[in-house]
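Sequence annotations record features per position, and here TrEMBL assigns active site, proton acceptor to E45. As annotated by TrEMBL, active site, for glutaminase activity applies to K117. Residues annotated as active site, nucleophile in TrEMBL: C153. What TrEMBL records for Y123, S190, K196 is L-glutamine binding site. The ATP binding site feature in TrEMBL is assigned to G300, L301, S302, G303, G304, I305, D306, S307. For N382, E411, K527, the entry in TrEMBL reads deamido-NAD(+) binding site. Look at TrEMBL and you will find 5-261 tagged as domain 'CN hydrolase'.
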Amino acid sequence: MARNVRVAIVQHNPVVGDVAGNAERLADEYTSVCAGDPDFVVTPELSLLGYPPRDLLHRPGIIDAQAEALDALAARTTAGPPLVVGTTLQTSKQTGPPLYNAAVVLRDGSRAGTYHKRLLPTYDVFDEHRYFEAGDRPTTLTVDGVDVGITICEDAWHDTTITGQRRHEVDPLAETAQMGADLIVTPSASPFSIDKPTARAERFIEHAERTGCPVVFVNQVGGNDELIFDGNSIVATAEGIVEQLERFGADTRLVDVPLDGSGRPTHRPDTPPASQVRQALRLGVSDYFDKTGFEEAVIGLSGGIDSSVTAALTVDALGADAVYGVSLPSHITSQQSVTDARAVAENLGIEFDVVPVGPAVDAVSRQLDEHAEPLSGIAAENIQARIRGDVLMGLANERNALVLTPDNKSEAAVGYCTLYGDAVGALAPLGDCYKRVVYELAAAFNDQSPSSATASPVIPETVLEKEPTAELREDQTDADELPSYEHLDPVLEAYIEGTPGAETLRETYPEEVVDAGVGRVTRSEFKRRQTPPPLRVTTKALGRGWNYPIAAEYGHVTDRDE
């Protein structure tokens with residue numbers, strides 16, 4: 001009969017920097033799983049500190065706080081199974097970064113071993129070489145005669161056979177297996193992007209096949225700033241995924257892992273992309289508010305698709321009682337827009353007010369006209385948007401709430417927003433969603449309304465069918481200034497999430513769409529640097545992982561080859 005190892009997986013949702021609170025939750029989770037008599041317990045990468053800690057690592061006291069917490073957790077193992085905890089440790093080296101990204105084995109009341117992460121990601125949203133020294137050797141933990149290898153997150157994403165991209169020469173999982181490991185555990189903080197859970201599962205099955213070892217992937221869950229961690233911890237053998245934990249929620253699970261690589265694969269149906277995004281954004285918004293201590297969101301409801309979906313998403317995350325919708329009509333705003341905004345608010349069951357901004361727009365325009373030529377065109381139009389931003393921020397200040405911007409990725413990419421106007425806020429929930437994804441989310445919310453909504457569908461047909469418009473001048477539509485989103489989104493996606501220049505894109509897409517799209521992307525860096533962080537749901541969001549200069553020449557990107 002094949003031997004099994006009982007592994008307790010703790011899919012933990014930390015608060016970055018809250019070492020004491022994280023340690024207390026880990027202690028409770030450890031106590032809970034010990035009732036199932038596991039052979040050992042595994043927590044995610046940096047589970048004590050939370051990921052990503054960024055420059056908190058430079059602050060005095062953060063290392064000492066983790067050391068104290070490790071000692072307290074170690075005491076728990078005196079009468080319990082070994083516990084693998086993610087933390088940071090100081091190096092003894094006199095050069096290079098001062099810390100290791102580490103997994104510490106706590107056993108019989110003390111530290112029984114450590115593993116230092118060997119492959120440090122420094123791309124997109126990751127910058128671990130800024131803080132950490134790379135480890136240089138594999139590590140195993142022996143539990144009842146079973147050798148358990150330990151690797152950490154990026155160690156499992158080492159080369160082109162796994163990722164399709166050049167990253168690292170070392171293969172830590174293979175080296176760990178060569179040391180004689182019977183089982184490999186991989187504590188991780190692997191952020192979500194669309195379809196990544198499926199790709200991740202496929203890769204860990206490949207690891208199990210290559211190494212001949214079952215692999216236990218233990219992932220962080222929760223929203224930390226713009227990153228969303230989906231959990232989805234898995235146990236992989238060469239036969240397939242034999243266990244999978246909760247999506248987008250904290251979870252603990254006792255798993256009897258077969259060391260011979262057998263086990264009946266589980267089958268969890270693939271989730272449609274819009275459903276994945278909805279779940280991810282719900283967690284991202286919910287945790288952003290929970291972890292910053294705010295309880296209420298203020299949203300400007302224009303009667304358009306973006307603000308309607310933002311409101312539905314926020315109700316989904318926080319509940320109707322925590323969302324305040326405001327219509328801000330000017331003399332340009334149609335009555336239909338106000339009617340649609342009110343309908344969305346009523347369907348969602350949220351508090352709603354109409355605050356006309358026309359008088360304020362007129363007053364500011366008159367004041368400016370006294371000191372300059374009368375404003376016209378975009379300058380005049382943007383006065384409306386900026387006054388709306390002021391009103392929303394004032395209402396939020398009074399209520400100790402946060403403004404959420406409804407801007408989407410298509411608009412952010414081409415700079416189709418007003419700085420200090422519709423772009424104001426603390427967070428951009430839809431900031432990594434192209435316009436087509438916003439419509440897909442609207443359909444998802446209409447198919448399954450938020451639990452606290454008072455009517456269904458929540459987004460009226462009049463909102464879904466109207467032409468997208470900023471409504472800052474009479475009869476304005478987005479198509480007056482941009483290619484249709486149907487044509488623009490594929491170009492933006494190819495440019496942002498790939499690396500081609502405009503000339504290459506012109507071989508596939510209409511020239512006028514490429515010229516308009518890529519040109520506006522390169523000219524809009526200054527705007528994006530001043531707008532709220534977008535919740536990341538793709539492989540390349542226009543946030544922390546998009547790191548382009550503002551004062552730069554982009555001719556080599558946009559120009560035509562001669």
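Here the Cβ of each residue, glycine as well, is placed from N, Cα and C on the backbone.
Taking the features listed in TrEMBL, we show where each one sits on the structure.
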residue : record                                : DSSP class
K117    : active site, for glutaminase activity : coil
Y123    : L-glutamine binding site              : coil
C153    : active site, nucleophile              : helix
K196    : L-glutamine binding site              : helix
G300    : ATP binding site                      : strand
I305    : ATP binding site                      : helix
N382    : deamido-NAD(+) binding site           : helix
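You'll find the Cα of K527 (deamido-NAD(+) binding site) roughly 23 Å from the Cα of Y123 (L-glutamine binding site). The most densely surrounded of the binding-site residues D306, E411, judged by C-beta neighbours within 10 angstroms, is E411. Rounded to a whole number, the C-alpha distance linking E45 (active site, proton acceptor) with S190 (L-glutamine binding site) is 9 angstrom. For Y123 (L-glutamine binding site), the nearest neighbour among the listed binding-site residues (G304, D306, E411), judged by C-alpha distance, is E411.
Working note on the binding-site residues S190, N382: by count of other C-beta atoms within 10 Å of each C-beta, S190 ranks first. Sequence-distant neighbours of K117 (active site, for glutaminase activity) (same chain, 6+ apart, CB under 8 A from its CB) are E45, Y100, N101, A102, A103, E128, F132, A134, G135, T151, I152, C153, E154, D155. Same-chain residues that are not part of Y123, S190, K196 yet have a Cβ within 8 Å of the Cβ center of the L-glutamine site turn out to be P121, D124, F126, W157, P191, S193, T539. If you compare Cα positions, K196 (L-glutamine binding site) sits closest to E411 out of the binding-site residues G300, L301, G304, N382, E411.
Looking at D306 (ATP binding site) and E411 (deamido-NAD(+) binding site), their Cα atoms lie 11 Å from each other. Mapped onto three states, the DSSP output places E411 (deamido-NAD(+) binding site) in helix.
Between the recorded positions C153, L301, I305, the minimum number of other C-beta atoms within 10 Å of a residue's C-beta occurs at I305.
Within 8 Å of the centroid defined by the CB atoms of G300, L301, S302, G303, G304, I305, D306, S307, the record's ATP site, lie the Cβ atoms of S308, T310, S337, A341, V344, P406, V463, excluding the listed residues themselves. Model confidence over the domain 'CN hydrolase' (5-261) is summarised by a mean pLDDT of 94.
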